[in-house]
Amino acid sequence: MPGKLRVHELAKQLGITSKELLATLKDKGEFVKTASSTIEPPVVKRMQEHYGSSGSDKSDTAAKPAAAKPAAPKPAASAAPKPGAPAKPAAPAAKPAPAAASAAKPGAAPKPGVQAKPAAAAKPGAPAKPAAPSAAKPGSAPKPAAAAKPAFSGPTPGDAAKKAEPAAKPGAEAPRPDGMPRPMGKPAPKPGARAPRVANNPFSTGGGERPAPRPGGGPRPGGGPRPGGGPRPQGQGRPGGQRDGQRDGQRDGQGNRGGQRQGAGAGGPRPQGGPRPQGGSRPQGGSAQGGSAKGAQGAPSQERQGGGRRPSPAMMPPTPGQMPAKAPGKGGRGGQAGGGAGGGFNRGGGTGGGAGRGGRRGGTAGAFGRPGGAPRRGRKSKRQKRNEYESMQAPNVIGGVRLPDGKGATIRLARGASLADFADKIGADAAALVQALFNLGEMVTATASVSDETLQLLGEEMNYKVQVVSPEDEDRELLESFDLQFGEDEGGEADLAKRPPVVTVMGHVDHGKTRLLDTIRKANVGSDEAGGITQGIGAYQVKVNVEDTERTITFLDTPGHEAFTAMRARGAKSTDIAVLVVAADDGVMPQTVEAINHAKAADVPIVVAVNKIDKPEASPEKIRGQLTEYGLIPEEYGGDTIFVDISAKQGLNIDELLASVCLTADAELDLVANPEMDAQGVAIEAHLDRGRGPVATVIVQRGTLRVGDSIVAGDTYGRVRRMVDEYGRDVEEAGPSRPVQVQGLNGVPGAGDNLLVVEDDRIARQIANQRNARKRNALAARSRKRVSLEDLDSVLKEHSTLNLILKGDNAGSVEALEEALLKIEMDDEVQLNIIDRGVGAVTQTNVTLAAASDAVIIAFNVRAEGKATEEANAEGVDVRYYTIIYRAIEEVEAALKGMLKPIYEERVIGHAEIRAIFKASSVGLIAGCMVEDGKVRRNATVRITRDGNVIAENAKIVSLRREKDDATEVSAGYECGMVLSYPDISVDDKIEVYEMVEVPREA
């Protein structure tokens, strides 16, 4: 396969300068650096078409004589397909040409004679005809033409000649522009109808590239002897007829190829010829690079005498079974029909017709022919060529960094992905992305988690659409990779069975939610809760009689304090029906509104329980009116929301409330699930029990959970070792809507994490590990503050940071406490950093971490275990214990405010006027002043004004004297002398004395 054409080669072919061609390529949108750059074939074709008009005119003028002259001497045309070659072999083959025989080297005449016949017949029509005029013009041309005819009939009398003539005729119809000038020393370009041979030889790319090699030698007659004994004008460095010996052996008498071409035709490099007079070396000359004198003797008389360019490899169809010679210097394979032995650098490759193709040379790489070395068997596909061509287009450069062009492609990245992840997606270098982002003003390392905005910014610069995958979508894709799905019942309608409703009790703090559940369960839970408020989700399943039918209902009790927003939202998502408890004596409160919004967001029907109607100040009608503003219109007002007036304390109308819940479940909801599938559920709460380990409160939503199942819950996994119901009794299996406490996980899952039964522990571990890694990346991206070059100085300044370690009795409480603390609004000079969080007692590990990071441990409903207390005392670690969440929030907020830098304000304490100035060699200028009001103190800060303009700020009173005695302060109405730190003073200057006083911060 020929090499790619270079810019300067194409410019010579088109007859223009390289500079003009570079300018045209740039106008056409092609990215080419210099004149030595290679050009893809499609671009070459476009340039040839662009300059086609001028090129065609030149070729026509040269083609007309070439076509006209061969028409008359028909025998010459047939004999001159290889102008010089047929004539010379004809001499030994036909006796009428003794001169040719004498001119040929001794002993070499018989071989070329035989070889010449297939060569003459094998000459392709297009290249052959242009050569005919060059042979016909000289007076001696007709004789060798006549002698050439018997030479054609050597291998196959008659037939070969007949086939050779039709093969030559097409050459006349498609004349070669330079065929005529060959004897006159003019250029010998390739046939105009063909594309130029593309190779590394800069002298062989155009039709006009071969003029100089045949200067002053004059036209070589078609029948003239080959310069075996006489000098050849242009081939001084070439022995014999190596090239033409191979060319003559192209086809045998039957038109088949005899020997492979020495160079481009077979894919291997051609031996270089000797130095040519005009600098144009014949690529296939017989100089002894890969061959020896044998090559010259093997085909001495086959040097072609015409000026035509030999055909390019593309024009010569390969003959089956003839492969390129592999060893350097060995002859090619012989022809198929009889004839002389194949000519090459060594012995001929066969006894058949045409000359055998010369062996591969030792490999002259570079400008003369194809590259040296082993032949390249593979060819680039169209896709590879297209990719290379596209890569040559103007690249995407950001700040000197070359980056790929996305061309609008969409890249999906997980939240918290790093630049290394981005680079893997687009096949780029992560270091290049880091440098590009630095040039855009962002400082990020390759492995650090990057915010969504930064990823999208970088993607836009590279023409990529970065799509940050939401955690839900990412988790769904993760499960799909394991052929798992969450949230859908398996099987058909026949597999579904009715399940109990899950009811969440929501409302404002102290409105009676837990007391209502106590009344329903006939238990007393609220009395055991700290501060009388619920600080976690409790799950209970009770059996109640509704209209003489026993029904099972699962209740979830959510906290009402504002810090437990996430718990209420989680409870709403895990439920079928929401019971909104509103105190009749208190009305609609902020958490009431929030609970309404959570229920509406989860598309959950609401039943309103107006509690505390037994109090004298209760006003149920007022509650109905207030809730109407939030879209909860009572049925008696024409709406669809059920309102029930109850008293949880007295137990009034509780049965009516339960009946309303069951009615809503039956009328509005189709509560069914498949109990036979693998269990799926949600962990509504989790905590670390000292004796039992991690314990998760789970509600099974579909399927049946059994002891021994392999489960994954969030980023934790394990096997169900034990299940306990709300009464502490062991259960072996839990069906849909059943709340149970599960033991056996390797850690404490997050509240609200999905629980899924998988095939084995291995799958569970893989899912949990991937979720854990994703969680860490997302947390790191969220907590990392973006640092740009503009705010680098402010970031490097010292800030006051309060480090906290949070420990709680369950995951929900820790989550609520963390979110509440992070919502505290503080100035930028004070930062809150939660370095660790966990469920369970305070351990020695927590104390060690706190001591190393100077952190405070917040223990919520837990105590220190073992020697943790002793270590905390020894290390000076502050451990704070709380049982009510809002007290922890208040103290942390106070601590943050105490860390703020004090605020100072200026307070004026006196004024003085300079009445006289004295000079003292030891101290300089002394100002004699009169204190007008207030006091003047030594070392106080002063402001000096002159004619109403401040001339000195923050000057100091270095020395103060009253009469001749040193004084600490001087009161109004007295004279004094003072030495100021500001020397440029004059009479009548005003001195204002002030001090900076710390003022308390506003709460």
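Sequential numbering from 1, following the chain as shown.
Including glycine, each Cβ sits where the backbone N, Cα and C put it.
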Which range of 557-560, 573-576, 701-704, 769-772 is region 'G3' in Swiss-Prot? It is 557-560
Region 'G2' range according to Swiss-Prot, out of 532-536, 637-641, 842-846: 532-536
Counting by DSSP secondary structure, give me helix, strand and coil numbers for the region 'G1' (507-514). 2 helix, 1 strand, 5 coil
Within the region 'G4' (611-614), count helix residues (DSSP H, G, I), strand residues (E, B) and coil residues, in that order. 0 helix, 1 strand, 3 coil
Arithmetic mean of per-residue pLDDT over the region 'G2' (532-536): 45
